[in-house]
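Heads up: the structure comes next, in structure tokens.
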Amino acid sequence: MGTIHLFRKPQRSFFGKLLQEFRLVAADRRSWKILLFGAINLTCTGFLLMWCSSTNSIALTAYTYLTIFDLFSLITCLVSYWVMMRKPSPAYSFGFERLEVLAVFASTVLAQLGALFILKESAERFLEQPEIHTGRLLVGTFVALSFNLFTMLSIRNKPFAYVSEAASTSWLQEHVADLSRSLCGIIPGLSSIFLPRMNPFVLIDLAGAFALCITYMLIEINNYFAVDTASAIAIALMTFGTMYPMSVYSGKVLLQTTPPHVIGQLDKLIREVSTLDGVLEVRNEHFWTLGFGSLAGSVHVRIRRDANEQMVLAHVTNRLYTLVSTLTVQIFKDDWIRPALLSGPVAANVLNFTDHHVIPMPPLKGTDDSNPVTSTPTKPSSPPPEFSFNTPGKNVSPVILLNTQTRPYGLGLNHGHTPYSSVLNQGLGVPGIGATQGFRTGFTNIPSRYGTNNRIGQPRP
């Protein structure tokens, strides 16, 4: 028998969770209008599909797909309302804004798939063109046009409104914009409607209705049934050309890319941050689009060891927050470590001279005018010399380094070997080249000559 868990909370199914979230959205009065338009859309779509079957018109079918796309846009608007109601959770720390992007991407891709299906059906009809009945063709065109325009102009769809402005223009918008400039030159009052560019959804609805009107007239006049197939191809190409820029833009957002129009502004802000007081370096910066109109980013800032972390963090956040709404800044102080050499008592197992270099030290100068702490001449009122705190004195044990070189090398120095006893007798002095020139660096033990010990087999002194 299995384990019985008392007071265990029952797990809801996927459809149960979906119904719960739908009730949450339906409780908002703003969503009632969208739900009403969705019900009307389903009714109109059903009638249009029946009329497409009775007229045998594939052009009307292609135009009906735009009504189905309106239904997807209404669902996207509901998703937008749901995203505004939900708060970020531990599992989704950035919130649910990317669901809007995903809804727009799915809607535009499905519209393009419908356009490809129309192109495939039209190619088959060119081989065998059926007869088209125009009884309900014109009625279906005006019903679909009226409902599409009424939906687009009555419902404020925030995700699609943003994408239509941010995405690149379609080829249909570019051609209409060229014609609009010529028309607005004659009638300047139309510039507010046609310029700088028309709404792509309104434009495709008007262009599709115009193509269906031409189809109706040519079939009624000359029984030219092939024009229906040509109109279907035109509507499919316009649909694909209108939806493709939106799919590309929303797809780039899903791929967490940086928008091209803000790259220059971000570079300017990064340069300003790098010039702040206490900031040494800004690196590992990464910015991406979280949702429509919102940027997220992370950056590492290296500061001086004496800088105030909270002050630098406040200044960096204040500079970048103008563009990046969700920002993560990691502050770390500059930390450098000096390389330490082996000093102190030498172990017995270390004194194997065939495996080590011996660093001979030059003899010390006279001690009558030198400071026993810094090994440098002293003056009555002179400040301590630079790096005097790290300059070796007299009573420091010799330094033994591992032999990692197979042959002597240097920079024109005299090579040779010195008996170990002389090293012990000399002690540790100021490192230098020969006996006169010395180094003043952060490394306190710099050898004056390098060499290998060849006294193998001779007794140790």
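Note that the numbers count up from 1, one per residue, in the order the chain is shown.
The backbone N, Cα and C atoms fix where each Cβ goes, glycine too.
Curation plays no part in TrEMBL annotations; they are all automatic predictions.
Because the structure is a prediction, the values reported are computed rather than measured.
Look at TrEMBL and you will find 370-379 tagged as compositional bias 'Low complexity'.
Sequence annotations record features per position, and here TrEMBL assigns domain 'Cation efflux protein transmembrane' to 35-255.
Look at TrEMBL and you will find 362-393 tagged as region 'Disordered'.
Sequence annotations record features per position, and here TrEMBL assigns transmembrane segment to 32-51 (among others).
Annotated transmembrane segment per TrEMBL: 63-84 (among others), in sequence order.
Note on the transmembrane segment (96-117): residues 62, 65-66, 68-69, 72-73, 75-76, 79-80, 82-83, 86, 88, 158-160, 163, 236-237, 239-240, 243-244, 246-247, 250-251, 253-254, 290-292, 294 of its chain, located 6 or more positions outside it, place their CB under 8 angstroms from a CB of the stretch. Here TrEMBL flags 96-117 (among others) as transmembrane segment.
The transmembrane segment annotation in TrEMBL covers 137-155 (among others). Non-local neighbours of the transmembrane segment (137-155) in the same chain are 33-34, 37, 40-41, 44, 47-48, 51-52, 55, 57, 60, 63-64, 66-67, 70, 73-74, 77, 199, 201-202, 205-206, 208-209, 212-213, 215-216, 219; each lies 6+ residues outside the stretch with a CB under 8 Å from one of its CB atoms.
The transmembrane segment annotation in TrEMBL covers 201-219 (among others). Within the chain, the transmembrane segment (201-219) has long-range Cβ neighbours (under 8 A, six or more residues past its boundaries) at 57, 59-60, 62-63, 66, 73, 132, 134, 137-138, 141-142, 144-145, 148-149, 152-153, 160, 164, 172-173, 176, 225, 227-228, 231, 234-235, 238-239, 242.
What TrEMBL lists as transmembrane segment is 225-244 (among others).
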For the transmembrane segment (32-51), sequence-distant contacts whose Cβ falls under 8 Å of one of its Cβ atoms, 6 or more beyond its ends: 26, 60-61, 64, 67-68, 70-71, 74-75, 77-78, 81, 136-137, 139-140, 143-144, 147, 151, 154-155
